[in-house]
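Taken straight from TrEMBL:
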type	residues	note
COMPBIAS	1-10	compositional bias 'Low complexity'
REGION	1-25	region 'Disordered'
REPEAT	333-367	repeat 'PPR'
REPEAT	434-468	repeat 'PPR'
REPEAT	504-534	repeat 'PPR'
REPEAT	535-569	repeat 'PPR'
REPEAT	570-604	repeat 'PPR'
Amino acid sequence: TTTTPPSASALPDDGDLREPPTASEYDPVSYALNVDDGSEGSSFFAACHPGSRHRRHATVTAAEVDSMTSTGFTESMGWRHPYNYHDLTVLLAIRSDLMANFHFLSLLFVPSIKDAERAFIEIIDKDVVAYTAMVTGYAEFTDFNARGAFEIVTFMHREGLNANRVTLVSLLQAAGHLREFGKGRSVHCYALRRLIGVSDEVLLTSLVDMYAKCGAISIAASVLRQTKKRTVASWNALIARLSQLGQSSEALKYFCLMKQGNNLFPDSVTLANVLSACSNRNLVQHTTSLHAYIMRRNIQLDEVLTTTLIELYSKCYKMKRARILFDHLICRDTIVYNVMISGYLHNGLVEEAINIFSDMIREAARPNFATVVSLLSAFADVGDARIGRWVHGIVFRYGLELDLDVSNLIMHMYAKCGQIKNVKMIFDLITDKDLVSWTVMMMGYVNIGLADEATAMFQKMQRTGEEPDSSVIVTLLQAHAQLGSSEPVKEIHGYIYRTCLVEDIATMNSLIITYAKCGRIDVAEAVFNGMTGRELASWNTMIAAYGIHGYCTQVLEMFSQMQRENLKPDVLTFSSVLSACSHAGLVEEGWHIFSSMNSDYLVAPQEEHYNCMVDLLGRAGQLEEAYNLVKCSPLRDRASAMRTLLAACKVHKNTKLGELIGQELLDLEPQVSGSYKIQK
């Protein structure tokens, strides 16, 4: 049975740790192992029982085993060390030399745990060393296979052998991998009762690591406090787990405690964990301070530290510092290239990311799945099919297209770029299509307005037996929104209720906007009012639905109702509201809402909001006010707003202002000068 970690309030105090309630509850061979006689276990564990031993009659000394297991000997006999163990066991017929058994077991342990199991069975008189070797082997697993360590100890105990310090360290490692708080605590109590490793640094570090991995941070800290001689490794175990759990502030706190009065200096592992903790958005400002600390302490910047610093500087939008660190690296592997590529893309520097990727290919650093994900996602967003095809070619060269996720990403990139033929070609090449493959194919058709093809693809998917999920339904609704018929939408609506997708916010929002686009604003209202957990996105969707039908009064009422329900509007809310005001010609209301964005809601107006206001003022003939708004705006790119204003000048025949705006547009976009003409 699995024991879940207790809450912080229920954690035992120091006395509980020193005095476990009962031996039957906390002894590692009774409570933690739960194996009866081996009959229900695997064939290997059954064979470990004394009655199932395989007996051999020849003996061999440790020296002979050392000689025979050398690389030269095994290769001369036709064996490739350390594989092909069975012929060697038959030849040696190992029987009773325990040291030879241990050396042989160690030899076989490397390639496969199954090889080690078979060799272990061959040993007649197993001692603690042999059992511990197997326990250590199982403890290396980070998945459920680590349970084998506890099962081995059960047989060890039945043969009258007691666990030693090394055995307990391995059991603690296994408990940590399994997140088995109960098993780990029982090992701790076993060690305390038998006074094993009371002052042993390795065992105490293993205890801290185990409790931290099991989520019992307060107990891990308590063990660390009780330790007279704390080591860097024990501090690292606690700080690392705090960082992994996202408790960044706590990780920094223990890092500061480590430096205070312990005569201990953090090593590269400590700093890598602390830097990882600083990847939290609220703590990235500490990156420069930690980097300065590393330089003051003359700590060698290895690949791990450098890569972590590069990642943090990327998040701080300090790519120049990240590039300096990158350029100083002598050996650059795939991981550090991926971090640099992601950093440039995060900062919107697509061209620099492409250049780094080119360097990566030239230096023969093999791109992997993470590389492809970053690049394809970025090129899909910018809609650059030319660069996307280049990446596709590199993916093909390295054989990464065989991965289904990569194929789906390439399809998605081409779909975003409107390259439907390429999407279909890759789709047809995929033998085992998943839901993502079908969804991307449908989305590709929807993006270029081929809604009929998208619905046909959905029907084809149904014939294969695939059950649609939320993403498929949302894409299908987008297709029917283009077709404009509400009857198929009703069928989808029924399916949503039958499959409990009604709880999915994205699906319900898509249903609302689809009904609105199909002319059924009344049904859209009913769906919105029937939703139990309405989030901001749902309110934005309903406001947009009213805006589609020109119901500006309802839009403003919804906006007021949001404020009454203490829902803070976002950029999408203001875009929909200002657009509705523009279409209705409500200049005063539009000005009031636009002015309140920053002052009342701390939402900085963006390009689309300025465009809405320029359109609103332009429709009302207030061209000078619109021009002054654009000139005073903090926007870097004013071309879009200027084009909107130029169109208004044409409508209202304001030639003088139109010529002025046209000249400014020529300066901003000289490559499209033919579009900026106004009739006198």
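Any Cβ shown, glycine's included, is placed from N, Cα and C.
With DSSP states grouped into helix (H, G, I), strand (E, B) and coil, the repeat 'PPR' (535-569) comes out at 26 helix, 0 strand, 9 coil. Away from its own ends, the repeat 'PPR' (333-367) comes close to residues 303, 306-307, 310-311, 313-315, 317, 319, 322-323, 326, 374-375, 377-379, 382, 384, 387, 391, 394-395, 398, 400 of its chain (Cβ-Cβ under 8 Å, at least six residues beyond either end). The repeat 'PPR' (504-534): residue composition by secondary structure is 23 helix, 0 strand, 8 coil, according to DSSP.
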